[in-house]
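**Q** Starting off with a structure, shown below.
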Amino acid sequence: MSITKHNWTREEILNIYNKPLMELLYEAATIHRQHHDPNTVQVSTLLSIKTGGCPEDCGYCPQAARYHTNLEGNDLMSVNQVKAQALRAKAAGSSRVCMGAAWRNVKDGEEFDNVLEMVRSINKLEMEVCCTLGMLTENQAQRLAEAGLYAYNHNLDTSEEYYKEVISTRGYEDRLKTIDNVRKTNVTVCSGGIIGMGENAEDRAGMLVALSTLNPQPESVPINALVPVEGTPMEEQEPVSIWEMVRMVATTRIVMPETQVRLSAGRTQMSREGQAMCFFAGANSIFAGDKLLTTPNPDVNEDMEMFKALGLNPQKAFEKKEQPQSIDAENSQFRPLGEKPKWSRPGHLIERNLEAQEKIKTKV
Ligand code: SF4
């Protein structure tokens with residue numbers, strides 16, 4: 001059984017990433033089998049509960065208000081709408097629902113109270129509930145935990161060095177702080193990144209250093225391939241090859257043996273054979289549904305056909321950790337503190353992000 005190591009260096013990770021592919025695959029698959037059932041893959045559903053109009057400038061994201069993509073935004077969904085979608089997802093084989101809101105950070109108030117109710121209602125359906133709501137304080141993390149949240153997603157996106165080429169409206173340290181706030185509760189941590197944003201292999205290794213040296217390591221690491229969207233600064237980025245994706249998944253599996261590695265955005269660009277190679281290399285989760293927040297994703301039936309062809313079984317809810325207890329709002333021990341933390345605004349210039357904004361202005 002491989003031991004979880006928390007002091008990985010960039011050089012060590014790069015050496016793994018650059019191994020001859022067959023060797024890399026063999027090592028990753030061996031470690032995968034020691035820690036997970038290789039024939040089980042979790043099916044999760046990602047639900048955009050509040051779409052678009054985000055004040056941040058993440059260069060890959062069509063939800064950033066400043067890039068004016070053709071995205072149709074919507075206000076926060078109602079608790080009933082979310083519950084209905086979760087029931088549908090459960091019937092289609094999902095054991096986890098991840099709710100995403102295009103916010104910079106969580107603000108105490110009616111909308112957050114509604115999100116807490118959504119968490120309670122999905123937990124009652126005996127599904128794992130995950131949220132991705134932006135930066136949050138320890139008190140907000142505690143309130144989510146109390147409502148029955150299973151996981152909180154906050155991606156590092158890339159290495160600290162390359163992060164400065166992607167986002168200027170918040171700093172890497174804010175991301176780590178939010179992860180740390182989640183860690184103070186019994187909510188599990190989900191944090192990963194995106195490849196294909198123009199970063200190099202050193203940056204990919206750098207992101208894996210940042211994640212794998214967390215102690216404990218994140219329970220869940222999504223690996224996304226950029227889906228370039230027209231109107232965003234990354235619209236002309238070349239898609240990553242399947243080999244890069246397989247290398248990234250395998251390396252993630254080796255450096256974080258117990259983590260659930262999630263094959264996330266970009267699956268529509270991958271063949272079934274390519275996805276099978278990712279599962280062999282250690283990916284053990286996919287997102288189901290024809291949309292991944294706002295980008296296209298394979299149809300559920302196609303995924304089920306793929307599972308059948310590969311002899312894969314969907315993972316049941318709470319196989320890795322027991323179901324969190326959900327406490328009703330009236331019995332809550334945590335009151336909103338109305339904190340207004342000073343999350344950073346580095347505000348450095350990212351030329352391609354500025355160009356994308358300018359392009360829109362000249363079109364109008
Ligand atoms: S990735 Fe999240 S924070 Fe960044 S622009 Fe999109 S919705 Fe906003």
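Just so you know, glycine gets a Cβ as well, placed from its N, Cα and C.
Just lifted these from TrEMBL, have a look:
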type	residues	note
DOMAIN	39-267	domain 'Radical SAM core'
BINDING	CYS54, CYS58, CYS61	[4Fe-4S] cluster binding site
BINDING	CYS98, CYS130, CYS190, ARG262	[2Fe-2S] cluster binding site
REGION	317-364	region 'Disordered'
COMPBIAS	324-334	compositional bias 'Polar residues'
COMPBIAS	337-364	compositional bias 'Basic and acidic residues'
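Are these features on the surface or tucked inside, and what touches them?
**A** Computed over the domain 'Radical SAM core' (39-267), the whole-number mean pLDDT of the model equals 95.
In the three-state DSSP scheme, CYS58 ([4Fe-4S] cluster binding site) falls into the coil class.
Every protein chain shown contributes to the tally, and the Cβ of CYS190 ([2Fe-2S] cluster binding site) ends up with 28 other Cβ atoms within 10 Å.
DSSP labels the residues of the region 'Disordered' (317-364) in these numbers: 16 helix, 0 strand, 32 coil.
Counting same-chain residues at least six beyond the ends of the compositional bias 'Polar residues' (324-334), those with a Cβ under 8 angstroms from any Cβ of the stretch are 113, 116-117, 119-120, 123-124, 139, 142-143, 145-150, 186-187.
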**Q** When you average the Cβ positions of CYS98, CYS130, CYS190, ARG262 for the [2Fe-2S] cluster site, which other residues in that chain have a Cβ within 8 Å of that mean position?
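**A** Not counting the recorded site residues, we get SER44, LEU46, ARG96, THR132, ALA151, ASN153, SER220, PRO222, SER285.
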**Q** Excluding CYS54, CYS58, CYS61 themselves, which residues in that chain have a Cβ inside 8 Å of the centre of the Cβ atoms defining the [4Fe-4S] cluster site?
**A** GLU56, ASP57, TYR60, PRO62, GLN63, ALA64, ALA102
**Q** Among the binding-site residues CYS54, CYS58, CYS61, CYS130, which have a Cβ atom lying under 6 Å from any atom of ligand 1?
**A** CYS54, CYS58, CYS61
**Q** Around CYS58 ([4Fe-4S] cluster binding site), which residues of its chain at least 6 apart sit with Cβ under 8 Å of its Cβ?
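**A** In sequence order, ALA64, ASP157, VAL166, ILE167 meet the Cβ cut-off.
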**Q** From the Cα of CYS61 ([4Fe-4S] cluster binding site) across to the Cα of CYS98 ([2Fe-2S] cluster binding site), what is the distance in angstrom?
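**A** About 18 Å separate the Cα atoms of these two residues.
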